């Protein structure tokens, strides 16, 4: 709670004659003039405090954050640099996502060029999920202990190195080299996927944090969209000319490497751990905690003791794992139902992801406006289930344009769910580290993604795509019930809004008890009602 705002609130109410001053009457005796003088002195002291507070510029939202149990007020401020940080992160996250999907969308071409089976090309995508699970704990430890900048440099740097290794693999007998490059990129992903919520919380104010997180996730989704679109255009299926095919692959790899290098340089220049001043009260409270008091191990234990977060881990893993599975196997599903539609398979994937990008932004704006995390998450989950059912039963109707529509509906809600899960997780686990909670969410998403991709792939190959899609429908339906069981307690939002009762009581006591008030006691309700007692 801002000290100046609290004092101004009392004086504004006083000037409007809306303060209810309750004068106690003892044994029918009205207080004397001296007693009124005491109250007047208290009011004068209050006015003195207010005049000092007015000397400082306070914007409409919040300028100062009073830390609980501390006498000093910490100023909060938003910096323009936050947009540069968000933009650079989104761009190198885009390139990393592009490198994830660039193989699987043209599986048949890479299988022919390297003379390997399509299963091995699938593993170029699955390796992203496999690498994430064991490396998430050291990555989140690095983020918590060493800060945002070093973690971002690790992600952008490894992404750049992996792209250049791939440039040396453009030869039919060098499949192992291209796999090595992809493994390096998958390690880079570990230092990327957990950052959206950290960047949003550390750099952005409470009224824009969800939109910022959605924008950061949007960069990754845009990379997947470009990965669906560009590889079929850059590397056409020239089966009769292996040299031309190798040249086209080389153009794609070198272009990616150059862009990755430029973004790594920008990351070195732009990225910082945090702004000079915190952007919100929630961040100000966390800054007041001594670094030596933080225990990464204890933070992990606290998260796994948090029952609502465990439910979110499973439900988020189901939804995001389903998205990973559908994205990886989309080419095979389309080719199984429609002959010679490889180019349209990429376009359908593009439609799925672009619709999801729109959904992400809309969901982020909606959360910033309403803060209805659980209700929004549950509704989006239900609509994702409906979209998956529609996509499953319209895939084999020999109506390719109908598939475009149902894929767009599915992507709008399924991909739009990703930033919702991040922000909901941060809210129910505050004050635990955003990077740790987001990292665990992504770890469960990778685990479910691996399992779903392998199982759905077998069902699609041995039976039909409908069997694999129905398998996902059953799991998403289970996720609806798990989401409904999550207890919604918006801890971070409560601190930002100043409605945490203990915090508010501590702030009020410290701000108004520096000097004696001649027995006058000021009590402010949590809801900041018009009634004030002296």
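Glycine is treated like the rest: Cβ placed from N, Cα and C.
Given the structure is predicted, the values throughout are model-derived calculations rather than measurements.
Here TrEMBL flags 85-491 as domain 'Major facilitator superfamily (MFS) profile'.
The transmembrane segment annotation in TrEMBL covers 83-103 (among others).
For 123-143 (among others), the entry in TrEMBL reads transmembrane segment.
Residues annotated as transmembrane segment in TrEMBL: 174-197 (among others).
Under the heading transmembrane segment, TrEMBL lists 209-230 (among others). Here the transmembrane segment (209-230) has long-range neighbours at 82, 86, 89-91, 93-102, 105, 192-193, 195-197, 199-201, 203, 252, 280, 327, 346-347, 349-350, 352-354, 356-357, 360-361, 363-365, 367-368, 415, 418-419, 422-423, meaning same-chain residues at least 6 beyond its ends whose C-beta is under 8 angstroms from one of its own.
Taken from TrEMBL, the feature transmembrane segment applies to 251-271 (among others). Outside the transmembrane segment (251-271), and at least 6 residues removed from its termini, the chain residues within Cβ reach (under 8 Å) are 81, 84-85, 88-89, 91-92, 95, 98-99, 102, 148-149, 152-153, 156-157, 159-160, 163-164, 166-167, 169-170, 230-231, 234-235.
Sequence annotations record features per position, and here TrEMBL assigns transmembrane segment to 309-327 (among others).
For 348-367 (among others), the entry in TrEMBL reads transmembrane segment. Sequence-distant neighbours of the transmembrane segment (348-367) (same chain, 6+ residues past either end, Cβ-Cβ under 8 Å): 101, 105, 210-215, 217-218, 221-222, 224-225, 228-229, 326-327, 330-331, 334, 373, 376, 380, 403-404, 407-420, 423.
According to TrEMBL, the transmembrane segment annotation covers 373-393 (among others). Long-range contacts of the transmembrane segment (373-393) within the same chain: residues 315, 319, 322, 359, 363, 366-367, 403, 406-407, 409-414, 416-417, 420-421, 423-424, 427, 465-466, 469-470, 472-473, 476-477, 479-480, 483-484, 486, 488, 490, each at least 6 residues beyond the stretch ends and with a Cβ under 8 Å from a Cβ of the stretch.
Residues annotated as transmembrane segment in TrEMBL: 400-420 (among others).
Proximity of distant same-chain residues to the transmembrane segment (440-459), defined by a Cβ-Cβ separation under 8 Å and at least 6 residues beyond the stretch ends, is recorded for 122, 125-126, 128-130, 132-133, 136, 140, 193-194, 303, 312-314, 316-318, 320-325, 328-329, 332, 421-422, 425, 467-469, 471-472, 475. What TrEMBL records for 440-459 (among others) is transmembrane segment.
According to TrEMBL, the feature transmembrane segment maps to 466-486 (among others).
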Task: Mean predicted confidence [pLDDT] for the domain 'Major facilitator superfamily (MFS) profile' (85-491) - done: 84
